[in-house]
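Over in Swiss-Prot, the protein carries these features:
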- 5-286: domain 'CN hydrolase' (DOMAIN)
- Glu46: active site, proton acceptor (ACT_SITE)
- Lys133: active site (ACT_SITE)
- Cys178: active site, nucleophile (ACT_SITE)
Amino acid sequence: MANTIKASVVQASTAAYSLPDTLDKLEKLTRLAKERDGAQLAVFPEAFIGGYPKMSTFGLVVGDRQPEGRDEFVRYAKAAIEIPSPAITRIEQISRETNVFIVVGVIERDAGTLYCTAVFVDPEKGYVDKHRKLVPTAMERVIWGQGDGSTLPVLDKSFESASAPGSTVNTKLSATICWENYMPLLRTYYYSQGTQIYCAPTVDARPAWQHTMTHIALEGRCFVLSACQFAQEKDYPPDHAVANASARDPNNVMIAGGSVIISPLGKVLAGPLLDAEGVISAELDLDDVLRGKFDLDVTGHYARNDVFEFKLREPPATSS
């Protein structure tokens, strides 16, 4: 059991598009994961920084765009962060002070385009990389650009063993955002790079999401850490769109959560957490990855490279 680390998944919402308040919340929840559960890795939801504009229309119908929608986009874009930026510096500070590796969903602003991004922050190295969501889903395409093949990192990371202090645990981790998880070739790429800790920031609180996460854990023989937002009307600005405008209630649930940690053999180690903000944690035995690959390695002994060919088309690197 020397090959273990402690990981936490945070289920929470953006603080009403307030960057300072959201960063304070990130610090509070990271410290909770560390102090209560001994977390070495903490995964936060999709769009935790910048916010997920659930129910927003941005003044759009096919063939027309309203001025109020443009104003809403301005407000949303101003809540996004650049990379690098003082916000990234603050996350680096939180990571360093808590000694927790942080994976967090952000809305990234690059000139006039927004991206749904996951950033990786190391307690020793600071910001180390990012992944931009390849395909925003449905109306998300109105506000977010598409990532490309230059931001698909699978990171090598060493942790001190949680069960044998002084020993080192070497692992590989990645992040796949929300419905990207339904892209078989993207999953195949991450499996081919040896991901062992598969982070899945999301806002999908549907029951079927649990089946998706279990499937990926089994298919990839990896730990799946899915962090979903839990959000209520009070977590959004007062004039934000809601499902039923005639029955506004600050406690109405907008995003119900469902954060979960699943082992490479499909066992639920923590969660799913529903209808509440919180932190779930588990001790991950990285040897379970090899135990799983004994009978299934979809890009190794269970692949047929003589029948199928897989290739990543990697463009020039984007701005950091």
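Including glycine, each Cβ sits where the backbone N, Cα and C put it.
Predicted, not measured: the structure shown is a model, and the values here were computed from it.
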Conformational class of the residue listed as 'active site, nucleophile' under the three-state DSSP mapping: helix
Overall pLDDT of the domain 'CN hydrolase' (5-286), taken as the mean: 96
